[in-house]
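I have placed the structure first, in the form of structure tokens, so that the comments after it can refer back to it.
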Amino acid sequence: MFRLKRQFVVAAGVAGVAAFAPFVLGGYDLNLLARFLALSLLALGIVLTWGHGGILSLGQGVFFGLGGYALAMHMKLTPLAPGEVPDFMMLGGLEALPAWWVPFGNPGFALLAVVLVPGIVAALFAWSVFGRRVGGTYFALITQALALAFATLLVSAQETTGGFNGLTDFQVVLGLDLNGAEAGRTLYWVTLLVLALGWAGVAALLASRFGTMLRAVRDGENRVRFLGHDAAAYKIIAFAVAAMLAGAAGALFTLHAGVISPAMVGVVPSIEMVIWVAIGGRTSLAGAIAGTLAVNFARDAISSAFPDLRPYALGLLFILVVTLLPGGLAELLAARFRKVAR
Amino acid sequence: MELLLGQVFNGFSVASLYLLAALGLALSFGLMRVINMAHGEMLMIGGYLAYLTLQVVPGPWRLVAALPVAFVGAALFGALIHVVLIRRLSARPLDTLLATWGLSLILQQGARSLFGAIGVEVTAPAWLDGGISVLGIELPAVRLFIIGVAIAVLAGLALLLSRTRIGLLVRAVNQDRMMAAATGIDAGRVDLVVFALGTGIAGLAGVMLALLGPVTPTVGQSYIVPAFLVVVMGGLGSIRGTVAAAVILGLVGSLAQISVDASVAQVLMLVFVILFIQIRPEGVVANKSRALDV
Amino acid sequence: MIYRFLLGCAVLASVPAHAATPVKVGVLQSLTGTMAISEVTVKNAELMAIDEINAKGGVMGRPILAIVEDGGSDPATFAQKAGKLIQSNGVATVFGGWTSASRKAMLPVFQRAKGLLWYPVQFEGNECSPNIMYTGAQPNQQILPALRWATAEGYKNYFLIGSDYVFPRTANLILKKRIGQAKLGVAGEEYVPLGGTDFSAVIAKVRAAKPDIIFSTLNGDSNVAFFKQMAAAGMTSAKLPVMSFSIAEQEAQAMGPALVNGSYAVWNYFQSLPTAENKAFVAAYKKKYGARAAITDPMVHGYANVYLWKAAVEKAGSFEPEKVRKAAVSMAAIPSPMGPIKMAPNQSLVQRAYVGKLQPDGQFKVVSQLAGMIAPLPYDALAFPGKSCKPI
């Protein structure tokens, strides 16, 4: 069912072609593509949890935000002299760096935090919910509340988080001058590489015994449990891996967008992330990436021209895809190919 | 002390809003295992219907006229949603969640196109001005009215479920859908009635919200997430559980605000629910059933 | 494709040689999302100014071509669209932004590309970028005048209520320092989440604290809920006045003036200002966008920004952002609906502040015009000692 080798070949091929984009696209288009590729990384995690694990999370924005903020905090600290605090802290009346900010000055710590903080938070959260055998719709509702709570908390703790304004105005990341001419290309390639690795990694995971067990849990959790397996463990691991991917996506997105703010982590962005995957195809990694790119490019193209149309289009698309085409575009294409092959 | 008593009262007042917003969700979740993400927009529709009623009907008691209009209007809308969307997706609860979210986007934008983004005003009638003073705390008449409506809805619902034939059918399907269907009960029809009833109650909740704030295309969003938490905490399809959960969450939120900001109180509510799940994962009131996959 | 390209060339060639090529400018506001209510009106005012200028021959003989983009009420989208306008469209300048979040997200984009943004909304100060012209009120042009007025009126005990975000918290930080310095009292300070509509707890706290006046930095829908629930609790403007920093004519119209009648606001512009420039402006706007349109301070700042840019371009004799901003801070005052305005060397606007009291017709009556033209100060000397804008 899941042909790993073919996945690797396709992933490597697509990435190889995409690596030439900087020589073709202008600065703005390249930045846009890089942003959306970063978002695709998060979509891979949704395929893992939702498509293959049956876990619908309406709170992926939280983990996206945790990763984005972890890197953003590091970038805010880099240009500061010892004893200085970022400008927004001064606005809140803070004169010294809060203790929990200090380790983010270290680049190694910050990079680890980008994936580990979302991973650990997700694991603890999932453990506390799945461990009590609460799942399905309940889990979706609780994750949505989590997204709301996280965004609210970020806004209200503004002297240490930048509040509603978020964190912005980054100059340098790990020695790379973000104002420099080469920054755009370099970051694009980094993003592409991370995405290709993420794709290969998730594909391998799905093809492994773990993937089989995850699908078994999705299709009959009680049966898996009766056979003596810890069903919750599979779900917790899948959720944590998806959160780590979301964290990395958030960090990369923050680099390309130049800003991370509560507007990108709340209820609505979190649920929009599910749309990308629903449209692309919830069980297909390639479909999820394609869906993410398609929805975001379309949104960029139509929103300015017909601002009132967007909610209608998005809402209708969601209803139609979910009701009539649960497998998304990937299913449509697969059916077409099968027909041709026959 | 005054502040504490006042907040206990406010807690009940907010709880009645949570309850009115959550009852419909809990009812249909108990019966069909689906959550309607456009439920918040049923509140919005109730609010706009109240506004329209007040434009047409004269006199001081026009708010009373707005209640049935909002109830019936939202219920009809709910019935339509059930027939067109929910029924087609009944075996896929998570997909229902997503499809109804798409619907909520469309309904919000529809309201924006019809009534404008700014929102409309529903003025509380003169007989809801002022309030009464008890134990040194001021109880505004509007909030007392809302608590009263919540109690009345609850009483009506209890009567309906325990004393009428339709209530009997609902309880039968609730207990064992297949067995009920085997005895000739049209379970699909019961679903439809319950869903419409639930959205009708949401319509009433919308009128209550209109008394406290503006009616905007997104008015339903402000109470929907707490309502979801009430459903999670209440236990499957139990009305008693839903009431208890609404009261507990209302009080947690209000009492927390004695010492912290509203933002932090909102976060504390979620933390409370997650902690609560650790102790009683089956909700405040457990549904005794031998079925495994509830 | 090639056919189309040739056709394009033919069209271009058919334009008479003496017709000047248009100069492109960006108009970047939220046309969707939560901020669209406010920002669409600013976009309208900016486009109206552009149309007016085009009707009178354009800027340096060249017509202005406005490219409108949607910021979508999302900071990252604002940054993205700012990049598009500068890099893909090659605009000479951009008019836009509302929230500080959107401005802060765009700032690095404009700094990197050496572009110029004209920002029209009052804000919390504490920022100066050479690539942004800040024409909305600095704290000392709105918040401090309000406090000076309230002190003169004899109010002694202040309750501070705000939506939970940066502007209210910073405004209240400044207010608390100033109230303390004047030996007056802060009865309380409360925040509700943005868009929040439950004020039961806040009102209980106000009742317990017994203030003389409320200073409100609540935003949007929260205002309606706040005033409704205050009225339900028996606290009307007559008993407990409210000074709001985010209620302008549009909000008053939407809330139904009955609710907010008698409450106060401080702005640099009110629709009711009796000057000839303002009357002409109000008439022109209503003719274009409907007689029911309410006109607000940020709209007029957006409108005036286009004229400030035009004057600066003509003084500089160039569309080059670097030259334009230098010309802007050294040019003489120009007339506007809010009276004569002039850019200060710190790239903010020298302007007046008015205290208005809301009337039953939804308009503000100016009850006090404070101390003439106020020079903008991005950093409050008491709250942020030793901070100032480096010479730009």
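Glycine is treated like the rest: Cβ placed from N, Cα and C.
TrEMBL: automatically predicted annotations, no manual curation.
Annotated transmembrane segment per TrEMBL: A:7-26 (among others), in sequence order. Tertiary neighbourhood of the transmembrane segment (A:7-26): same-chain residues 33, 37, 184-185, 188-189, 192-193, 195-196, 199-200, 203, 207, 285-286, selected by CB-CB distance under 8 Å and a gap of 6+ residues from either end.
Annotation comment: TrEMBL describes A:32-50 (among others) as transmembrane segment. Cβ atoms under 8 Å from those of the transmembrane segment (A:32-50) belong to residues 18, 21, 25, 56-57, 60, 64, 184, 187-188, 191-192, 194-195, 198-199, 202, 205-206, 214, 238-239, 241-246, 248-250, 252-253, 255-257, 273-274, 276-277, 280, 282-285, 287-289, 291-293, 296-297, 300 of the same chain, restricted to positions at least 6 beyond its ends.
Under the heading transmembrane segment, TrEMBL lists A:62-81 (among others).
Annotation comment: TrEMBL describes A:109-130 (among others) as transmembrane segment. Proximity of distant same-chain residues to the transmembrane segment (A:109-130), defined by a Cβ-Cβ separation under 8 Å and at least 6 residues beyond the stretch ends, is recorded for 62-64, 66-67, 70-71, 73-74, 103, 138-139, 142, 146, 174, 232, 235-237, 239-244, 246-248, 250-251.
Residues or ranges marked as transmembrane segment in TrEMBL: A:137-157 (among others).
The transmembrane segment annotation in TrEMBL covers A:187-211 (among others).
Residues or ranges marked as transmembrane segment in TrEMBL: A:232-253 (among others).
Only residues 6 or more beyond the boundaries of the transmembrane segment (A:259-278), in the same chain, are considered here, and those with a CB under 8 A from a CB of the stretch are 39, 42-43, 46-47, 50-51, 56-62, 64-65, 68-69, 72, 143-144, 147-148, 150-151, 154-155, 162-168, 250, 253, 287-288, 291-292, 295-296, 314, 317-318, 321-322, 328. Residues or ranges marked as transmembrane segment by TrEMBL: A:259-278 (among others).
TrEMBL lists A:285-306 (among others) with the feature transmembrane segment.
The annotation transmembrane segment is assigned in TrEMBL to A:312-334 (among others).
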For the transmembrane segment (A:232-253) and the transmembrane segment (A:312-334), check the count of CB pairs under 8 Å (sequence separation 6 or more) and say whether it reaches 3 or more.
no
Sequence-remote partners of the transmembrane segment (A:137-157) [C-beta within less than 8 Å, at least six residues beyond its ends]
55-59, 61-62, 65, 69, 125, 129-130, 163-164, 166, 262, 265-267, 270-271
Close approaches to the transmembrane segment (A:62-81) from elsewhere in its chain (Cβ under 8 angstroms; 6 or more beyond its ends):
42, 97, 101, 104-107, 110-111, 113-115, 117-118, 121-122, 143, 146-147, 150-151, 154, 161, 166-167, 170-173, 242-244, 246-251, 253-255, 260, 262, 264-265, 269-270, 273
